[in-house]
Amino acid sequence: MATKRRPLRPNLGSNPSSPSGSNMNFRPGGPDITRAEARGTRPTAAPTSIREILVMGVIHLCKKTIFFNTDLKVALYLGSLFVISVIGDFVPFPKTYFARSDNLFNMYFVKVGWGWTLLFAVPFLVLSAYTITCGDHKKMLRHHFPRIVIATFFWFFWTKLFNVVETSYGRCTTKGYQSKSSCLKAGHLWQGFDISGHAFILIHSSLVLIEEARPIIRWETIKEHIRNELHNRSSAEASGTNPLRTLNEEQMRSLQFLYKRLTPIIRTLFIGMAALQLLWDIMLVGTMLYYHRMIEKVISGIIAILTWYFTYRFWYPTPGLLPEAPGNGSFSYQREIPTFPFKRPSHLSTPAGGTSAGASTSRANLNGKSASTTSVPRDQQIPTFMGMPLFTNAKAASAAANLLQAEQNKRDRDQQQLDS
């Protein structure tokens with residue numbers, strides 16, 4: 001015979017018509033819920049719209065494209081420069097439209113390739129750095145914007161040096177012309193060691209776009225950090241893992257405003273950067289087949305890769321040197337934060353100061369072997385659900401454990417009074 005369920009909270013009131021009466025078998029909510037009853041809760045994210053889902057899908061595909069193992073991509077650049085260039089030097093390929101130096105892509109993309117790169121990289125860098133520095137424009141200009149200036153300097157320096165080498169160490173196909181300009185004006189050809197500026201600018205631009213786009217990694221987690229930190233501050237709870245805990249109130253307001261306003265623009269610019277980087281890779285293949293000799297393209301590729309490695313892998317990540325690496329700001333949102341401890345504490349039902357079923361219990365460790373572990377003190381206990389901890393903060397876990405234990409003791413006393 002079925003029995004009537006015992007009320008979860010029989011002490012909330014005796015009025016049967018009240019919503020919080022003793023016949024309630026659920027935890028009441030609403031604006032009148034006390035702080036103790038709401039302890040341990042976290043604000044939930046708003047429902048995601050279909051448009052947001054589609055945008056995040058496109059962003060995910062762009063991330064897969066542009067962040068494809070950079071070290072492997074660099075190796076592919078060098079290998080393909082050698083292999084495809086050798087094939088292009090010795091195997092006659094049909095002269096298509098793309099083999100002409102006046103084709104549309106060469107005239108309006110490659111020759112002004114650095115301009116296209118700056119068109120997307122500069123606003124993306126400024127807006128993303130301005131956001132993660134919480135609106136500190138001086139810090140943005142000092143710690144991040146110089147990266148674009150340095151990349152532009154190396155582009156200008158190397159391309160000019162390539163022209164100097166070609167002009168200084170070359171000769172005209174017709175005798176009597178000592179300079180490249182006079183030889184070309186007369187309608188002749190100038191034969192020199194022409195280090196490929198096409199290969200350099202395409203590889204250099206691709207690597208700069210890849211590195212400058214890195215702030216978009218885990219960008220969506222900033223929204224979650226803001227929501228949790230605002231909740232922690234409103235409830236006077238200290239969080240030991242939230243990266244925004246060190247920001248003051250003014251920085252929090254600036255971050256909240258800038259993230260909401262600038263994120264759609266930053267995402268659009270990132271999609272453009274991913275598409276442009278893919279275009280540079282495609283056009284690099286055409287450069288390998290139709291322009292310059294193999295040695296000229298390999299040398300330009302090596303220079304572009306060494307420039308990238310010196311700046312983005314050695315200079316910027318070095319602590320104490322400016323500018324900083326992409327993604328560094330007033331808080332660290334790209335660092336993986338461990339959510340659960342390696343050793344799972346015992347369940348809340350373990351009595352304080354004692355052990356459950358003896359001084360030690362046998363449990364299986366991560367390797368499947370049996371190990372003997374002692375009980376965990378109450379102040380270090382973490383409540384679990386389906387075997388997984390609900391809290392990462394020992395202080396919050398202890399408070400929740402005390403609250404649950406107090407409620408359970410009170411329900412037991414009330415039940416004993418009813419039975420007597």
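Note: Cβ is positioned from N, Cα and C throughout, glycine not excepted.
Per TrEMBL, the feature region 'Disordered' maps to 1-44 (among others).
Residues annotated as compositional bias 'Low complexity' in TrEMBL: 13-23.
Among residues of the same chain six or more beyond the transmembrane segment (74-93), those with a C-beta under 8 A of the stretch's C-beta atoms are 99, 199, 203, 207, 284-285, 288-290, 292-294, 297-298, 301-302, 305, 308. As annotated by TrEMBL, transmembrane segment applies to 74-93 (among others).
The transmembrane segment feature in TrEMBL is assigned to 113-132 (among others). Within the chain carrying the transmembrane segment (113-132), a Cβ under 8 angstroms from the stretch's Cβ atoms is held by residues 140, 143-145, 147-148, 152, 155, 201-202, 205, 208-209, 212-213, 215-216, 219, 222, 255, 258-259, 262-263, 265-266, 269-270, 272-273, 276, 280, 326-331, 333, all 6 or more beyond its ends.
Positions annotated as transmembrane segment by TrEMBL: 144-161 (among others).
When Cβ-Cβ distances below 8 Å are used as the criterion, the transmembrane segment (265-291) is approached by residues 55, 58-59, 62-63, 65-66, 77, 80-81, 84-85, 87-88, 93, 98-99, 101, 105, 109-110, 113, 116-117, 120-121, 123-124, 127-128, 131, 196, 198-199, 202-203, 205-206, 209-210, 212-213, 216, 219, 297 of the same chain, each at least six residues removed from its ends. If you look up TrEMBL, you'll see 265-291 (among others) marked as transmembrane segment.
The transmembrane segment annotation in TrEMBL covers 298-316 (among others).
Feature annotation from TrEMBL assigns region 'Disordered' to 343-380 (among others).
Look at TrEMBL and you will find 347-380 tagged as compositional bias 'Polar residues'.
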Positions whose Cβ lies under 8 angstroms from the transmembrane segment (298-316), at least six residues beyond its ends:
74, 77-78, 81-82, 85, 147, 150-151, 154, 158, 162, 195-200, 203-204, 207-208, 211, 323-326
